[in-house]
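*Asks:* Pulled from TrEMBL, these are the listed features:
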DOMAIN    9-136  domain 'EamA'
TRANSMEM  35-53  transmembrane segment
TRANSMEM  65-86  transmembrane segment
TRANSMEM  92-112  transmembrane segment
TRANSMEM  119-136  transmembrane segment
TRANSMEM  142-162  transmembrane segment
DOMAIN    144-281  domain 'EamA'
TRANSMEM  174-194  transmembrane segment
TRANSMEM  209-227  transmembrane segment
TRANSMEM  239-258  transmembrane segment
TRANSMEM  264-285  transmembrane segment
Amino acid sequence: MDINKKNLIILHLTVLIWGFTGVLGKVISIDAVPLVWYRVLIATSTLFAWFLITKKNIKISKKQFIQFFLTGGIVAVHWIFFFHAIKVSTVSVTLVCLSSFTLFTAILEPLIKKQPIQMGDILIGLLIILGIYMIFKFESQYTLGIIFGLLAAVASSLFSTINSTLVQKSEPSIIGFYELIGGLFWITLYRLYYGSLVNSAFNLNTRDWFYIGILGTLCTSVAYVAGVSVMRTLSAFRVALVTNLEPVYGILLAFLFFKNKEQMTGGFYIGAVIILGAIFLYPIYKKRQNKQ
């Protein structure tokens, strides 16, 4: 099989696994903060084991460590908001709201990188806002979930924009590893302050341990390594298009697992189509813009 076709299949499987995290977030019984803490702990441990096996040099400068460490806090906040949104609403609502990170990236990236905001970014953003309005209007019972889903999208766009700068000077896998360490530290600090860390492991049942194990290994460290490896041979445009399938895969998986619980109103699906259509148009628009 051609290497590009093979890597494209791996990328689709990776995105499918990312989409599955929403399902796991729903079936795991513990709250978002301890859930993310376990996820990050397992992912950090397995990634470190991977580096030991492959004898990878993970030395970085003090400045880089501080940058990655602090960014890890934003990643942790993103995951906490994401899983909390799932807990108080549905997987479908959360994933569609998370898709709006394209809108926030279009706003934040020019501000952080001191670049002018493009008219095309504004138009795509307006489409996404229209989609969000439709969801708010027809799924008002999930208002809290929608709010946390949007906050997760803001955090996602923030750390993605920061990482797009950091990746110019370091490997993505090393950045991810130290960001996980940073995320683990900040969540541990939070849990120690509120006294929720001690004996929390005893509150987990066997099923929770099983699903958290899958979340921390397959859905985080394994998927991350696989995703990074194929991005070296596939074009950024193709990667962006396939990655945008994450909410689609996630919604389909959620409907498969939860059926009627994930059944939304017609207005929700209209809003979802508008948002997903906008995020699929975005990389096409960017590719044409770069050619000009």
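First residue shown is number 1, and so on along the chain.
Keep in mind that glycine also has a Cβ here, set from the backbone N, Cα and C atoms.
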*Asks:* What residues in the same chain, six or more past the boundaries of the transmembrane segment (142-162), come closer than 8 Å to it by Cβ-Cβ distance?
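*Replies:* For the transmembrane segment (142-162), the far contacts come to 67, 71, 74-75, 77-79, 81-82, 84-86, 88-90, 93-105, 107-109, 112-113, 132, 135-136, 179.
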*Asks:* Among the recorded stretches 35-53, 65-86, 92-112, 239-258, which has the greatest number of Cβ pairs closer than 8 Å to the transmembrane segment (174-194)?
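*Replies:* It is 65-86 that shares the most Cβ pairs under 8 Å with the transmembrane segment (174-194).
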*Asks:* Considering pairs 6 or more residues apart, do the transmembrane segment (35-53) and the transmembrane segment (209-227) have at least three CB pairs under 8 Å?
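*Replies:* Yes, the stretches contact each other.
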*Asks:* Are there residues at least six beyond either end of the transmembrane segment (264-285) with Cβ under 8 Å to its Cβ atoms? List them, or say none.
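*Replies:* Residues 90, 92-93, 96, 99-100, 102, 106, 120, 124, 127-128, 130-135, 137-139, 237, 240-241, 244, 247-248, 251 contact the transmembrane segment (264-285) from elsewhere in the chain.
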*Asks:* Grab the same-chain neighbours of the transmembrane segment (65-86) for me: Cβ-Cβ under 8 Å, and only residues 6 or more beyond its ends, written as numbers and ranges.
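*Replies:* For the transmembrane segment (65-86), the list is 22, 25-26, 31-33, 35-36, 39-40, 93-94, 97-98, 145-149, 151-152, 155-156, 158-159, 162-163, 166, 175, 178-187.
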*Asks:* Average the pLDDT scores across the domain 'EamA' (144-281) and report the rounded value.
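*Replies:* The answer is 84, the mean pLDDT of the model over that range.
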*Asks:* For the domain 'EamA' (144-281), how many residues does DSSP put in helix, in strand and in coil?
*Replies:* 115 helix, 0 strand, 23 coil
